Amino acid sequence: MNISIVAIGKLKEKYLKQGIDEYIKRLSAYAKVDIIELPDEKAPENLSDQDMKIVKDKEGERILSKISPDAHVIALAIEGKMKSSEELADNMDRLATYGKSKATFVIGGSLGLSDAVLKRADEKLSFSRMTFPHQLMRLILLEQVYRAFRINRGEPYHK
């Protein structure tokens, strides 16, 4: 399976990079993982609703340009469906079973995702009703994808 993570914003924190690199290495036994970092849109200090929409739309255009037409797109969004690790594993297994060899996870910037990106998404996934820093979400997502592969293979993984 080919897994892409399209994310807004450049990762700056060394500890996050190290964790992400570790999970990409672990996942290499199960899938090819590609992280596509896109620049965040510069925004004025006090954003109006219209300014927020413009920023999200510009970031959304960048995101959509990186999504393969045949990819199954999973947008990380607070309004998405919350799943257990086992449910995510089932979801990943179904994708592989039904011939979807490309899964693209999308992580928006600090303002979230544009309507166009949410519309393109085949599903919306939420990790919590809480908001997490978008840079940290990359690491959390990779850990859960790794856990999903381990579950699907019946391999041990700590709970």
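Backbone N, Cα and C atoms are what each Cβ position is placed from, and that goes for glycine too.
Record features (Swiss-Prot):
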type: BINDING; residues: LEU76, GLY108, PHE127, SER128, ARG129, MET130, THR131, PHE132; note: S-adenosyl-L-methionine binding site
Entry from the binding-site residues list LEU76, MET130 having the most other CB atoms no farther than 10 A: LEU76
DSSP state at MET130 (S-adenosyl-L-methionine binding site), helix/strand/coil: coil
Same-chain residues at least 6 apart in sequence whose Cβ lies under 8 Å from PHE132 (S-adenosyl-L-methionine binding site): ILE140
Neighbour count (Cβ, 10 Å) for SER128 (S-adenosyl-L-methionine binding site): 9
Neighbourhood of THR131 (S-adenosyl-L-methionine binding site), C-beta criterion under 8 angstroms, separation at least six: ILE78
Same chain, 6+ residues apart, C-beta under 8 Å of the C-beta of GLY108 (S-adenosyl-L-methionine binding site), given in sequence order: ILE8, LYS56, GLU59, ILE63, ALA75, LEU76, ALA77, SER114, VAL117, HIS134
DSSP-derived class (H/G/I helix, E/B strand, else coil) of GLY108 (S-adenosyl-L-methionine binding site): coil
